[in-house]
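Remarks on the structure that follows.
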Amino acid sequence: MCDAIQIRLASPERIRSWAERVLPNGQVVGEVTKPETINYRTLKPEMDGLFCERIFGPVKDWECHCGKYKKVRYKGIVCERCGVEVTESKVRRHRMGYIDLAAVVSHVWYLKGPPSYLALFLNMSSSEVEQVIYFHSYVVLQSTTELVQPKQLLSEDELIILEERLANQPFQVGIGAQAIQYLLQQLDLDMEIRVLRNQLFHAKSSKREKLMKRLRILDNFASTGADPSWMILSVLPVIPPDLRPMVQLDGGRFATSDLNDLYRRVINRNNRLKRLQEILAPEIIIRNEKRMLQEAVDALMDNGRRGRSVVGANNRALKSLSHILEGKQGRFRQNLLGKRVDYSGRSVIVVGPELKLYQCGLPKEMALELFQPFVIQRLMAQGLANNMKAAKKIIQRKEAIVDQILHQVVKAHPVLLNRAPTLHRLGIQAFDPILVDGRAIQLHPLVCAAFNADFDGDQMAVHVPLSVEAQAEARLLMLSVNNFLSPATGDAIIMPSQDMVIGCYYLTANNPASQAKQSHYFADFEHVLMAFEQKQINLHTWVWVHVNNNLNIILERSALQEDWIQTRGESLFLKTTPGRIIFYQQAAYHVGFYNLTINKSHLKELVKTVYNLKGMACATQLADDLKQLGFHYATTCGLSLGIEDLRVAPSKQKIFQWAQQAIEKTEQLWQRAQITHVEKFHKVVDTWSEASETLKQEVVRYYEHTDPLNPVYMMAFSGARGNLSQVRQLVGMRGLMADPHGQLIDLPILSNFREGLTVTEYLISSYGARKGLVDTSLRTADSGYLTRRLVDVAQDVIIRQADCGTLRGIAVPVSKALIGRVLAQDVNEECKRNQLITADMLVALRDTKQVIVRSPLTCEALRCICQLCYGGNLAYGHMVDLAEAVGIIAAQSIGEPGTQLTMRTFHTGGVFTSAQTASVRATLDGVVTYEGRCKSTRTRYGQEAWLLETSTPLFLQNDGQQHRYDFQAGTVLLVKSGQRVKFNTLLAYLPTSTRFEKATKSVDAHNAGEVVFDQLKLEQNLVKKEGILWILSGQMLHLPAGSELLVSNEQQIKPAQVLAQSYLRSRAKGIVQIHTNQVELILDRLSFEVKEPFHFHSGDGQIIAEKFEHQTPTGGQVFHRNGQIWLVPAAIYEVSSQKDLVDIKHGQFILANQRSICGVKNELSGWVQLVKQNEVIKEIRIRPGIYLPKVKTNQLGFVQSHLLLSSYGINAYTRRFCYVENYEQGILISPVYVFAGVSPPKIVAKSRWLSLVMYQTCMFQHQQWVKSYKKVYLMRCQLQLKVAPQAPLNQVTVHKEKNRREWRLSYFSNIKLQAFQTIKWLVKNHQRVEADVPLALIQLVSAFNGIVRYHPMLNRLLVVSDQDVITYSIGKPHHFQIGDVIRIGDQISHGLVAKTSGFVIARDANQIQVRIAQGYFLSRETICYVKDGDLVNEGDHLASLVFEQVKTGDIIQGLPRIEEILEARKPKNSCELAQFDGVIQEQSLVSDDGRVQAIKGTLIVCEGTRVQAGEPLTDGAVNAHEWLQIHFNNAVPYRGMVEAARESFAKLQAKLLHQVQQVYKSQGVDIADKHIEVILRQMTSKVILDDPGDSDFLPGQLVYLNEIASYKHVIFHPVLLGITKAALNTESFISAASFQETTRILAQAAMEGQIDQLRGLKENVIMGRLIPAGTGAKYL
């Protein structure tokens, strides 16, 4: 086997050598010269064709083409008759051919990039090279004059002019691929590289990028030793015929690979070009043929890369060589990375509760088929069959012996079970098969979690490992009992669930209903169980039992020991139940006595403890015991769910009343304009969230005390199925729901599913439910794609060495997450460097806050990770083995939960759970003091608060007691310094790490009125000082446009008083027509009486009517002669199938109505004429007329009938003219119909501006055949309405009467009367008026008493009526002044409370008048759209409140977020980062050394704050690329290049690790840090060289940091690669090509002569080798 693979450009000679073979007679074969494939009669390949046996080898094993040699004994002989070598037919899979091209062509991969290699080599643009190759432009090859430069492009015209001008100064031009080949041959690569290096030294940054790219490609290419001109092909290889097969289908037709069609096109065009060159055809024809050949080769190489795709018979683009390689169905992914597996089967799975953990049930029928070869071998070995055929017959007869042998064969032979999708390695596990009846595979219930299987119709595949090695691997590594822990987290994945959990829960439950009146005491556990079996006590009866003093008793955390354990003398008594004793004896005896109700988490803890203490064998046995125990008692408890079990807590209504009252208070605060609309919304939402949470706790308490064995309660609280949220929805309330955009609907669903939802509630809840289902289907695909990218980026990360020797590490806080890590530094005597941290070691580290551990991120091993830096293997709990493929495990660990999360979206059905902000409360009564700088703000509920701008301690003091709270900047304080507070008072909200986004909420006017600002200050529409926007109510009246106001501002008005009036005037001279809601002014009208059968169109387009004339008796041929239309008749029938031609012959005479033609009865007598098209009969024409056989005449065409016919002795002929034509062996004289010709356009009616014009057109052209056997109209007459260009408008309406049509040119004025408007007509209907005459008077009339307010800019009138004023009789002197604000709920006097808010507008001694007002509180940064004093209408947009809201953390945001982080995408609206350490001063950052960075956006840090480099200064997401560069730039002066890169990478890695974990943790998913670290290592291990210094690398090259670290004078910068980019930039071109962009990767690899060292897994799988990991590693 090879150790490495190189890919390079092939020379023409090399291509020929692949195919050429010399026959014994000296003939050289290999060139394919014919486009034929197989002979259609013999079905054998054509010689020298695309399937030629002489070139590619015989079609049948050991048989030549002509059949002279048949049998293996002639092996190696070449037939002297047909030239075919007698050999195996499989040589047709690897023998190649070639096509010698008549003209060179370019390879499309190197022409059409990106990048275009031909353009880069020649230093031309890709479009210029394309123009030359496709014969659009000439290129100058050599020149002796300065007027034309080499490589200059010339058009045909330019070339002719230059040739004339420079006749004495010769220059050479070329065109096509030949010209490009010449230029490439002239290229001196070494010289070009030297020039480029020199240019690069002096180049500016703008040019450097292109120069570096060109230098990199030329330098790499030069090292391959290839010739650039080989990119132009003169010989085209033909791939072996078995890779482009042709197969015969059932119906005798053939199906062939698209490649054969593409090769055929190339060969046809090549042969045609050769012929044209031989006959010296004109240059233009040859050029065209060369271009077509170039296009044919392009299509073969990569169809559709340039121009339109070549399509096959069914209009489908043909699959070219490139398409065969790339994509999911391509060669790499379909056939090399994934193959169909022999010895496999699949079937539905069912549960096998009786199975052991390492067993599976295999259907006998399937086992017999899978293990048939083994059974046959045993039958033959035992002498029961002499050969395979006999053995197979025994099996088919199903003899008893077969069953026995099958049991023997299967007994010690493990099988692999796989469930798709295989998201992690636990998706394939090995089991010992147990033969079962039926056709379903039986699966152990405990392995379902690993397979993510359930029994609702899932299917699984079975694979049989054949070799001894494969069986050993299956048994030792893949057996289900060996996969006890999850590789992603290290937790047990074999876990009792569902029924098993319910059984254990029921067994150990506390049931008050089954308690005895007096206490029972027992001597030991056996006596208790004896009493239980004798039914003296039941499963849940409390008993006191004597126990050993050294028994480990595990109680509930909240339990008091004296309630459960009594000491009497030296004896110890335990209060427990028979159920808990059974659980101890059968399951928990390894750990201790669990004297509590067992739920899922207890079982998980028990299994993990046993695994850690006793090892895998014990844990496996325990798992099986728990399964048996759980299933038994799940059956015993007979759990069933009835509607009566869904009991609603009686306290529900009280909770709702409390919530309703709280919301009413909030509503009143809003109406009093003390909080904004958004603050009200937040308060309402949080009130309902709190109510929902309280109700949930009440439900729990209710079930716990009244019915602990309730099925719903048991399921949710044991962890068997469902959760508290679902129980709350069933028996509490559904709560708040989200709309399709993820925004909350503040109308909660108060009902639960037990009570049933109202229609409104059902509609609200349908949003979330649907969103969940849609999201699931959309995101599952995304998650699979993420896993694929992760696998590709990390597939070559393998543990290849024991220790890299690094001294670096990462700081990790002491927690359970440390288990499996290796210490990087000594901590104490027990914990030394390079020691693996175990659970026991954590105890020794408990006094340490954090430790430095080794990590994949800091490993200095090149192209791998060392054992110590990786640490423990989470799946086995010991140090990771050498050759472990940790990259794949990491990718699966991150990808698999992504899929799980997407699939789990819909289970809560869009129910909203509020994200509570962390808060701090007072721990004692006392006085608050603090000194930090803070600014005033408001909480999300509108409470007054203070935002800390600096980190500050807060002290709470009382009688010598003092508590200190350390608050960081961003904390919101709810108390002032010096304020006295009570115990448990809310002091502060802590800043959260939650991601916020800006949002707006519009404020609309609830009533019409006048705007008044109260303490509100604006700057350019932005609220700078918060305050209240009041709308003083009134009736809004809209003034008609152009109206005259009849009242003055502040005037008192009465009912029926006219306030304003306006006139409706005529726009032009015309007749008035009054309609219900509009008035029409008719400027012009035109009438037309319908005498003829015109078909009138209903639209008022230009063509308003049409009719048809000149009906023919049948179809025929139309001629235009002498201004007339002449028709030579013929009935024409279209032939659709061969049946139509039965009994019909050319020249036959057919009588009318005697027979049917093409399924239609023939109505015309005449002679049959059959019309062919492409040798196929398409039409039958019946030609009436006189046929004169054996007659010849010169008078063909149109002839006067009597002149012609009289000469042949025919007297009677009805038509004046006839048409003569040759027919069969004589002439046919056809009659001619003559019709009047087309008349010029004629005006049929006219008025001042309108006219009706008649147009005639013939529908058939001269000599056109009218294909019909029925009557046809020849002439179309159209009436067109024309409006004169000088008319004032062109809006025409049509009016119908019985026989008349009238068209009117009219103006329409809509009359839409608003409220309080009246209209008086000043003209009569149908009256003629002049221009600008008043037609009507529109008046605005008052309906009530009041005062007028007028706003001239808005054309609005406000009437403050009695309805807008409330009078309060106080009955005694008062303190109210005019202008005072009274708010709703204010006490005006004893027993008198304000019903609405308003302003005092009048007062006297005993009463006040208040004008009703609605207030809106506007916070800072609100955008206000109205000004003080404006008049607004109900529904007008007043302002937009700007606020921050939490981004919802559903995985629908989560998965794209993970993708965003791992793909290292640059955010759209990124924030501005501090480029260096410094202080904020006046919208800029100033460093200590005087550097200044101007800041463009809105600052999110306060003036005078000190910030570190890389900190965000403005709003937006952080751009990780920029962040990395800033940290690198700041570290370089102090740390040097390599250390600065490592340091900046380390900071970025920590940041990205935290971000990824944050997304997964928010969904409750655990992933070990080290898996994410492995992926991040791949993303942050490379740098881009700016100056290669003394290294052999090139500028702009991507290099491993660890590889470049040893060189001096190297200048580089670190780069963060997204996972896709990192996967494509791997060192293995085979791996990269099988991932994405196959053709680009292969083209680049060939240009650079890349060598694949076959280090990773993918490239070895593709090459068919053992993978260099696990048991396939070289050292094993």
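Backbone N, Cα and C define each Cβ position, glycine as well.
According to Swiss-Prot, the Zn(2+) 1 binding site annotation covers Cys64, Cys66, Cys79, Cys82, on the basis of sequence analysis. Look at Swiss-Prot and you will find Asp454, Asp456, Asp458 tagged as Mg(2+) binding site, backed by sequence analysis. Residues or ranges marked as Zn(2+) 2 binding site by Swiss-Prot: Cys804, Cys859, Cys866, Cys869. The region 'DNA-directed RNA polymerase subunit beta'' feature in Swiss-Prot is assigned to 1-582. The region 'DNA-directed RNA polymerase subunit beta''' feature in Swiss-Prot is assigned to 583-1676.
Taking the region 'DNA-directed RNA polymerase subunit beta'' (1-582) as a whole, pLDDT averages 92 in the prediction. Close to Cys64 (Zn(2+) 1 binding site) in the fold, though at least 6 residues off in sequence, lie Glu53, Pro58, Lys70, Cys79, Arg81, Cys82, Val84, Glu85, Val86, each with a CB less than 8 Å from its CB. Most Cβ neighbours within 10 Å among the binding-site residues Asp456, Asp458: this distinction goes to Asp458. If you take the C-beta of Cys869 (Zn(2+) 2 binding site) and look for same-chain residues 6 or more apart in sequence within under 8 angstroms, you find Cys804, Thr806, Val822, Arg854, Ser855, Pro856, Thr858, Cys859, Ala861. For Cys804 (Zn(2+) 2 binding site), other Cβ atoms within 10 Å of its Cβ number 20. Around the Cβ of Cys859 (Zn(2+) 2 binding site), 27 further Cβ atoms fall within 10 Å across all displayed protein chains. In sequence order, Cys79, Arg81, Cys82, Val84 constitute the residues six or more apart from Cys66 (Zn(2+) 1 binding site) in its chain with CB-CB distances below 8 Å. Residues Gln801, Asp803, Thr806, Arg854, Pro856, Thr858, Glu860, Ala861, Ile865, Gln867, Leu868, Tyr870 surround the recorded Zn(2+) 2 site, their Cβ atoms falling within 8 Å of the Cβ centroid of Cys804, Cys859, Cys866, Cys869, which are themselves excluded. In the three-state DSSP scheme, Cys869 (Zn(2+) 2 binding site) is classed as helix. For Cys866 (Zn(2+) 2 binding site), applying a Cβ distance below 8 Å and a minimum sequence separation of six or more within one chain yields Ile799, Arg800, Gln801, Ala802, Asp803, Cys804, Cys859.
Around the Cβ of Asp454 (Mg(2+) binding site), the same chain contributes Cys448, each under 8 angstroms and 6 or more positions distant in sequence. Cβ neighbour count for Cys82 (Zn(2+) 1 binding site) (all protein chains, 10 Å cutoff from its Cβ): 17. Taking the mean position of the Cβ atoms of Asp454, Asp456, Asp458 as the Mg(2+) site, the remaining same-chain residues with a Cβ inside 8 Å of that point are Ile349, Ala453, Phe455, Gly457. The residues near the Zn(2+) 1 site, meaning same-chain residues not in Cys64, Cys66, Cys79, Cys82 whose C-beta sits within 8 angstroms of the mean position of the site's C-beta atoms, are Glu53, His65, Gly67, Lys68, Tyr69, Arg81, Gly83, Val84, in sequence order.
The local packing around Cys79 (Zn(2+) 1 binding site), expressed as other Cβ atoms within 10 Å of its Cβ over all shown chains, amounts to 22.
The secondary structure of Asp456 (Mg(2+) binding site), as reduced to three states from DSSP, is coil rather than helix or strand.
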